[in-house]
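As written in Swiss-Prot, here are the features:
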ACT_SITE  Cys237  active site, nucleophile
ACT_SITE  His322  active site
ACT_SITE  Glu324  active site
BINDING   Ser44, Gly210, Gly212, Leu238, Gln241, Asn279, Tyr282  L-glutamine binding site
DOMAIN    163-349  domain 'Glutamine amidotransferase type-1'
REGION    1-162  region 'CPSase'
Amino acid sequence: MEGYLVLEDGTSFSGELDGHENCTGEAVFFTGMTGYQEVLTDPSYKGQIIVFTYPLIGNYGINEKDFESKKPQVKAAVVYEACDHFSHYEAVYSLKEYLQKWNIPLLTHVDTRAVVKKIRANGTMGATVTASKEGAEIALQPENVAEQASAQEISTFGDGNKHIALIDFGYKKSIASSLVKRGCKVTVVPYQQMEAVYNIKPDGIVLSNGPGDPKAIQPYLGKIKSIISRFPTLGICLGHQLIALAFGGNTFKLPFGHRGANHPVIDRKTKRVFMTSQNHSYVVDEQSINEEELTIRFHHVNDTSVEGLAHKKLPVMSVQFHPEAHPGPAESEWIFDDYLKNVIPARREIAHA
C-alpha cells in the first residue's frame, strides 16, 4: 500500500506503508548502522517517528533479549529498505513481523537521505505517517511524555551489596543491567513516587534517561534537589538535564538533536576523547550553569554542547550521553565504575527531619 511521511510544513515523502494507516509524532533521525531493536524499544523515543539513516534495516532480525522495554515506544519507523529475510541465530522475528505484532506502522522505500537533509536544515518537526497525504493532521507529543514512559510501581533487580535507587523517567533496561552486572541491587522507583527513597535508604541514586522536555518535570525539581543533596547521584541523559535545572540552570532544544552511536565527547579532566551513544533533543545551556556549585566535566566535540557535570561539593555527577550504550560503543562504561568506586564511598548520612 502506498504511504507517506508528511512533515508539519507540508513536505511529503512517498513510500510503501505496512501496518496501521495513520499516526502522528515528532520526526527524528537515528544515524547508527545497527541497534534498531534497542532504538525501537527505548522509552526515550516515546511518541516519535524514527527515521533510520542507514539504508538497510532488519538484516539480523529481532531477538528476545535486546529489548530496552517491554514493547516498542516509537509511533512509526521509516526506512529505505527493510530486510524480510534476516540472518542471526538468536532472531525470532523479522523487523516487519515485530512491528506488525504491535501495530506499529513501517514506511519503507522512502528517500531517507532527503528526509534527514530536510530535518537537518529546518529542524525537528511534527509529522504523520499516512496512507493519504491529503488533509493529514499532525499532533505533537503531550507536554509531559515522561509520565507515559515511566513505570507505575516500584520493582527490584539483582541482589548485590550496593543498593541503587533508579529514579525512573523512562529508563532503559540496560542501565539497570549495567548496575546489576557491577554487583548492585537496583530498585526502580517511578519519579512520581521518588520520595520513597527515604524509606528505601539506598547507597546511591541514578536519575534515568527519558523522553521529552526536561522542563515538563519542573514541579518535581525541588524534590529532586532534596534527594540528590542527600544521596550520591549519577544523572544520565534526561537525568543530567534535571540535575542542571535543579541547581538553577537552564535547558534548550537543539535543532535536530543527537541520535546515534558515534558522538565524540571530550573529558575536560583527562583530555581524553571517546565515542558515545546519544539520544536527546535538549541540552544544558552552558551560560546558565551556576559555577559556584557545578563544573562542566564533558563537552561534545562537534558542537561543544555540555555533555556532563560534576558538583563541586556534593557527590553528584551527570552525563548527557549513554554509558550503558545499547546500541553503541562501550567506551564510556567506565562512568558506572567511577560512580560506584568514587562517588558512592562519599555517601553522607541521610539527614532526617
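Cβ from N, Cα, C; glycine included.
Note that the coordinates shown come from a computational prediction; the quantities given were computed from them, not determined experimentally.
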C-beta crowding around Tyr282 (L-glutamine binding site), within 10 angstroms: 18
L-glutamine site, defined by Ser44, Gly210, Gly212, Leu238, Gln241, Asn279, Tyr282: further same-chain residues with Cβ within 8 Å of the Cβ centre: Ala146, Phe169, Gly170, Asn209, Pro211, Pro214, Cys237, His280, Ser281
Distance [Cα-Cα, Å, rounded] between His322 (active site) and Tyr282 (L-glutamine binding site): 14
Chain-internal residues near Glu324 (active site), provided their CB is under 8 angstroms and they sit 6+ positions away: Lys172, Ser174, Ile175, Ser177, Ser178, Ile236, Glu333, Phe336
Residues near Gly210 (L-glutamine binding site) in space but at least six apart in sequence (CB under 8 A): Pro43, Ser44, Ala146, Ala149, Ser150, Asp168, Phe169, Gly170, Tyr171, Cys237, Leu238, Gly239
Per-residue pLDDT averaged over the region 'CPSase' (1-162), given as an integer: 94
In the chain carrying Asn279 (L-glutamine binding site), residues 6 or more apart in sequence that have Cβ under 8 angstroms from it: Phe30, Val39, Asp42, Ser44, Tyr45, Asn209, Cys237, Gly257, His258, Arg259, His322
